[in-house]
Structure formats: structure tokens, C-alpha cells
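A quick write-up on the structure given underneath.
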Amino acid sequence: MLPVIALVGRPNVGKSTLFNQLTRSRDALVADFPGLTRDRQYGPGRVGGFPYMVVDTGGLSGEAETLDNLMARQTQQAIDESDVVLFLVDGREGLTAADQAIARSLRTQGKKVLLVVNKTDGVDADQAMAEFHALGFGAPIPIAATHGRGVLGLMNAVHALLPEVEEIQAEAERWPGIRIAFVGRPNAGKSTLINRILGEERVVATEIPGTTRDSIFIPFERDGQQYTLIDTAGVRRRSRVHEAIEKFSVVKTLQAIDAAHVVVMVLDAREGISEQDAHLLGVVLDAGRALVVAINKWDGLDPDQRDRIRHELDLKLPFLDFAEKRFISALHGTGVGDLFAHVKRAYDSAFIKVSTNHLTKLLESAMVAHQPPLVSGRRVKLRYAHQGGQNPPIIVIHGNMTERLPGSYKRYLSNHFRQHLKLVGTPIRLEFKTGENPYAGKRNVLTPRQQYKRKRMMRHAKKK
């Protein structure tokens, strides 16, 4: 599971600015998808080979927070689920009573806490940090989040407190088969669906806590295929599941999505598509995971209601045209068995392997059917393509002036590859690389022989 970093502090100390610094590497990934709603309260990031997840507790609790509700339920939940807490204070304003109150609360949590003094640009950092030593969290770390100064050093300090990336990845990799995360807002029927699936199985392992945060990895087998179900709802007995008391955890959901091969998004057909559903789907798309959308509680809807839901899916989720959509009833089991065939198809598409030769031929056929546009009178040239990764499939295309290729042509290429590779249920990502111009930055200097020849030609021209 990805390590979780919680940003804690009173309002206006720079939590959101630091959040943007720590997650900016992912901002551009979904910018081209119309209709996609993103939530800026939590998100994944990476520094070098160190992946992590950031939770902005200020955003979770509301920016108009007061000292009384600063440690409200959602903020406390984020702290409970975090591996490291970054306690932000304002170096310009100095130590306040609110800072001291937050420090007292954090000391009772038993969490790894780094004290971060923000807004140290333009002030004496040593002097600004001196009074914060009294909070008892060790040496403060100075940063200027607005300019990004000190952020890399801060993340190195965070990294030193956490297990190595290989250990984090090994925890998920030790679970067999296709890992499936069932996500959805409370009361959408996720728990009923999970219990329906497990109730049908004859080979079900004991529920084993996957992490200290109680996400559950449940191995089981169906039709000879091994699966591991990632349940984000915590440790619970199957006989005691009550959806009404199910708690929605953003952190557990994000971790489950990251650990999964395929995500099954459960929607409530009777309530339609909510803003929270769109946020979750945006996170899945951001992570590049294969996706099956299960529209639950389909039984009991009349034909007009079903048509309305289908129209709403097309209208509100145009960016999920690649995803498999299944209509089910978790309570009665209708359509549940068919989910696994679609999960397997999505998994196979996400982990497809394609040769460079085949991808280059597909690129050439795409250009024959619809050649790249002219840019400033010159045509963009695309030379060859190769695979750059799996889950999601990444296709790297090399050429000239690729950075000037319009988004419409990139979408055309994406659809062309998807259609000819028969990819179902997985997003596809294209990366464009422009070859270096060997003459860039060089002056066109004549050789001595060329200079002599030029002089002769000029003398000859003057005689005429």
C-alpha cells in the first residue's frame, strides 16, 4: 500500500500550497478528459522513485475551520490512517496558541510527526524556527512551499521514516492472482456485492488484515482463476455487515485502487451519479487502473428509469468510454457472475504485451488513414512506437515536433491503438518524445574550402 502523508495545521499556514507542490506531478494526466471532476483534498505524488499519497486535512475539514473543530472526525480519520504527519506552522506569524493546541493533540496520537516551518522566505530561518523547538517534535524543517524551496529535503526526511518502496510493493504483490478493488460511496451496495461474491465461493481463505489500517485482502478462486479481493470497509464478519454504518474512507479507497489490478466501481442506480462518484472515478482514471462499472440495484427499475440512467452515464461520464459497464443486483445476484468475465478481459487488456514492430505498423496505418497536421507550414513526423509500460498500457511514440501535436490528433491515435489492439476496460496512455536536433544551437560555419570557393564565385560575379 502507498504510504500516506497527512498535512495538519491551522488555517492559512500553507497546507494547500504544499499539497499542490507534492502532487503536481499528476495534475496534467487527466486534464484532457472533458467532464472529469477532480478533488484537490487528496492525491498521489512521487519524488524520484518514492511514491506516496497526500491528504490535506484542512481541505477535508473545510477552510473556515476553528480551533474547536480543527480535530473533527474527518481530520482525525486522516491522521489515524496516515504513516507520517507533517505539522505545518507559519514562520512569519510565529508560535500561536492554536499551534500549541494542535501539538498537544498530535502528541497523544503516537504518530511519526515532522514539524514543518513554512513561509521562511524573506525572513531569518534560524530565528523563525527557534521558538518552534518548544513544541517537542525535534528539529523543525524550514520550507517555502510557494516557491518549492526545501520541499525536496522535506520529502527525503519523510522517506527516511518509511519502509523502502520495494517493501511497500512486495506487500501487495504477495497476494495471488488478479487483485480487484471494489470501491464506491457508502450504501451503493458495495458490501452486499462483496458478500454475494464471497458467499458463492467454496474456496475462501481466512480474512487476513493487509495493513495496520485494516484494509482486507481476501484470496479466493473462481473457475480455476485466482483472485484477491481488496475490501476497504475494514475488518468485519460477513454475518454482521450493515451498509448503513459503513464508513467511507478516502485513504483506504485510494490505497486499494493503487494496489489493485482492476477496479470495480459500484454505483447506485436509484440515486444516479453523484459528485462523489465522479471524484472516485477520476481517481481511478488518474491511477490508470482497469475499470469495470457495476450499476447496482438495477432490479425494480421501470424501463423509463433504466433509460434515464443509461443517458446519465453517457452524459456525466464521457471520459469513461473505455470502461465496461454492467447492470447488476447484488442483493439477488443478478449479473454478479458475469462481472468476473469482464474483470478478466479488463485485466488482460491492461497487461497486454505488444512488439515494437507491431506498434510501429499500427502507427503507420494510422498516419496513412489520417496524416498528422501541418504546424507552421511543416508537417509533424512520427517515426516509430514502442511499449513503455503496463497497467495501463503505455505507448511511446517518437518523432519530430511531437510537442506541437494537437490534442485532437492524440485522441485519434489513442482510439486507433485501442481499436486495433482490442483493448477493453483499460485506459491507454500515449507518451510523445521528440528526437534531439543535432544542429540545434550551432552556427552554420563554412569550412576553409567552402570559404575559398565562395570568394572565387564572388570575384567571378563582380567581373560580370
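Each residue, glycine too, has its Cβ placed from N, Cα and C.
Mean pLDDT, taken over the domain 'EngA-type G 1' (3-166), works out to 76 on the 0 to 100 scale. As annotated by Swiss-Prot, domain 'EngA-type G 1' applies to 3-166.
Positions annotated as GTP 1 binding site by Swiss-Prot, on the basis of sequence analysis: 9-16, 56-60, 118-121. In the three-state DSSP assignment, the secondary structure recorded for G9 (GTP 1 binding site) is coil.
Per Swiss-Prot, the feature domain 'EngA-type G 2' maps to 178-351.
Other Cβ atoms within 10 Å of the Cβ of K190 (GTP 2 binding site), summed over all protein chains shown, number 28. As annotated by Swiss-Prot, GTP 2 binding site applies to 184-191, 231-235, 296-299.
Annotation source Swiss-Prot lists domain 'KH-like' at 352-436.
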One should report the C-alpha separation between N12 (GTP 1 binding site) and K190 (GTP 2 binding site), rounded to whole angstrom, as 37
Taking the Cβ of W298 (GTP 2 binding site) as the centre, count every other Cβ atom within 10 Å, in any protein chain shown. 20
May I ask for the distance between G184 (GTP 2 binding site) and T57 (GTP 1 binding site), taken between their Cα atoms and rounded to an integer number of Å? 21
I need the CA-to-CA distance for N187 (GTP 2 binding site) versus T120 (GTP 1 binding site), whole Å please. 46
Round to a whole number and give the Cα-to-Cα distance in Å for the pair W298 (GTP 2 binding site) and T57 (GTP 1 binding site). 36
Cα-Cα distance linking K190 (GTP 2 binding site) and K15 (GTP 1 binding site), given in Å to the nearest integer: 33
